[in-house]
């Protein structure tokens, strides 16, 4: 297939029709809104479903295993984006890959909606991991195809798109969480499946008219010989996994440990390859060296942020006073706090950085602030933990904890991908999105091992130790920021 030039793509996309933006933004906004609705809705109740007793409609895992499974699931979702990016570049193009990913996700939620089967759960996890890996890294790329690089609407277009992500994430726990916890878990998972179906319908009905050629390019097509070899390799791996599970060689515990190792090993291999590559010159290797402490800092940040959906979700279920003046809260509703605070504070941060202009903090300093705020979000939880494990505490403690970590996220996350693309060697530019996603994959791989300590040690020690480590790491990064900035060789 011949490569399609950017000019042809732009000409094929109607440039007006959605608040002054290309009409294709409507398609991608609502597709991603419903995909995030399905994902965050499912995630809001999945942990509870895993550890709820079977007589009450759950799968009956112990809490430590349930938290580890959630962390490994999250890690694999981010690892799978490497495969999703590769398939888009070599086989399907980004738009087709997004659509196929949505289909996998929908069937994954349908499998979860099947009552009382651990087999259905494992099948659903495979489908959702594969589907999210296909969709997540590619839908943003299609948004980029709608604009020229010089288009002044480009940044605001991405802002509108990310608003769709956060609106989906905000509404999902409230709707899916209520259905799942108040009525039936499988009804909640079914609602998540319907959400993804609506996203697919919007995409299918409006794609041809709104997206034109956007996302249809396959920049580096796979040869027939390579495709056959890859297909055979995938089949062999799948058979090996099935045999390992059936024979008891691959247990849940071993699988969790294996993914934890991969979550750390894959980024290390990435960095070794880039540092030893002859395609990277001295300046690029200096910038890459500057990126290493930022990468480590991001892993620390996401390790705390992602525990909002695991450890803090358990805390909300067991330790928070959920009855307020006769009004009953659902513990899953706390998962709406993160996107709610992002929607509220993201415009304020955007205004602040614009107002400060050249006086705004450098990227290493922004990372430092984000990591310190994440640490403080756990330090705050030490105070309610002092009341003992039997005491029910005010929900405001969790609200404050989520607020602090979101403020940190708004310092670190928006500049994370940007600085990754700037500091990665040019020869590896295609892998920059995957590099940034690997910070989250590594964080959740670590969480799978660390989170098991929550029930084994005092809560004050758990929150206090992790919070203190994060604050110290943020402080070290702050002290090193002038050195890191020099090594960045002019990159802001």
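Keep in mind that glycine also has a Cβ here, set from the backbone N, Cα and C atoms.
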Per Swiss-Prot record, range annotated transmembrane segment [choices 185-205, 206-226]: 185-205
Paired segments the transmembrane segment (157-177) and the transmembrane segment (294-314) in contact, 3+ CB pairs under 8 A: no
Leading stretch by Cβ pairs under 8 Å, where the reference is the transmembrane segment (88-108) and the options are 185-205, 294-314, 333-353, 392-412, 464-484: 185-205
Residues from the same chain, set at least six apart from the ends of the transmembrane segment (185-205), whose C-beta lies under 8 A from its own: 27, 30-35, 37-39, 41-42, 45, 48-49, 52, 57-58, 98-99, 102-103, 105-106, 109-110, 112-115, 168, 172, 175-177, 179
Tertiary contacts of the transmembrane segment (255-275) (same chain, 6+ residues out, Cβ under 8 Å): 68-69, 72, 75-76, 79, 82, 285, 288, 292, 295, 424-425, 428, 431, 435, 438-439, 441-442, 444-446, 448-449
Outside the transmembrane segment (67-87), six or more residues from its ends: residues with CB under 8 Å to it: 43, 46-47, 50, 61, 97, 101, 125, 128-130, 132-138, 252, 255-256, 259-260, 262-263, 266, 306, 309-311, 314, 430-431, 433-434, 437-438, 440-445, 447-449, 451-452, 454
Of 110-130, 232-252, 294-314, 333-353, 392-412, whichever stretch has the most CB pairs under 8 A to the transmembrane segment (464-484): 294-314
Long-range Cβ neighbours of the transmembrane segment (333-353) (under 8 Å; 6 or more residues past either end): 40, 43-44, 159, 162-163, 165-174, 177-178, 308-309, 312-313, 316, 320, 360, 395, 398-399, 402-403, 405-407, 409-411, 414
